[in-house]
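For reference, the structure is listed below as structure tokens.
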Amino acid sequence: MAASTFPLKDDLDIVIPTIRNLDFLEMWRPFFQPYHLIIVQDGDPSRNIKVPDGFHYELYNRNDINKILGPKASCISFKDSACRCFGYMVSKKKYIFTIDDDCFVAKDPTGKDIDALRQHINNLLNPSTPYFFNTLYDPFSDGADFVRGYPFSLREGVPTAVSHGLWLNIPDYDAPTQLVKPRERNTRYVDAVMTLPKGILFPMCGMNLAFDRSLIGPAMYFGLMGDGQPIGRYDDMWAGWCVKVICDHLGLGIKTGLPYIWHSKASNPFVNLKKEYKGIFWQEEIIPFFQDAILPKECITVQACYKELSKQVKDKLGKIDPYFVKLADAMVTWIDAWDELNPPAKVAGSK
């Protein structure tokens, strides 16, 4: 009974980056309490973060990160939610769900609370179809199937590596859009999940995201952002672009759509503009880079793919700004740290 009520209870970690007390977990208690939490505390490590009673968790602050990774801790962002990827690295579970601390339980059109984690798990446990688009969206959803004309040879699908959820209330907009649409709210609940087609990039949002750590974990690096860096708020998008290129190369799938969470508060658009300013210009060259990126067939592991991608970042994006040379080096450091904490022999035996 317990396994069906809380699927993958022993195989999934919930990763939460935060700078504040985690009172928001009270709303999620019916859905999260049986699962293990990894909390990555950003900012001042001397601050005492309070977690509601009854949750099983590990909490890491900057001092812990420095102690565990030593010199390699330089690849983990400071004063930015990108620090969450440290939680991905120290987890020993097969699956990860990550959520921001300003995200609450949303309701579906009938008024029922949405179990976002359950929907993510359903997405991850069913195949993706990146090679041919199904006009009824996800053929593995209840009440759907492959439509007439869909090749039978492609109906088996491929393993799903990433489940990308959406948000009601505050949309995930960039600063310029926030400034011109300060009162806009997303009230549309679209009951759909779809596979991103091969060769198509997307802007990945890290506030409501799940992935198969055993399939794509080493590529889920949220980059160098925040304190001491010339850019912020591109951490999850950078990871998404890298992940998509690698998933396309390795024959893995990414789904987007359900589940929804309720995003409760908008960040300051003027602060965001300062963080995003360079990225808004840089992305016009970054995106074509990822669109054209080709990984050699010899790259058959996520780590090999990621290190190859880092070389291409240094070679081609390093011309835009020295930051990308630094980022490419951090990508390599990240993989080295990942392999150090996750020796291949141990990973191979995990479930």
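The backbone N, Cα and C atoms fix where each Cβ goes, glycine too.
Curation plays no part in TrEMBL annotations; they are all automatic predictions.
Annotation comment: TrEMBL describes Arg148 as N-linked glycosylation site. The 10 Å shell around the Cβ of Arg148 (N-linked glycosylation site) contains 5 further Cβ atoms across the protein chains shown.
Annotation comment: TrEMBL describes Arg148 (among others) as site 'Required for activity'.
Annotated site 'Required for activity' per TrEMBL: Arg155 (among others), in sequence order. Sequence-distant neighbours of Arg155 (site 'Required for activity') (same chain, 6+ apart, CB under 8 A from its CB) are Thr129, Pro139, Phe146.
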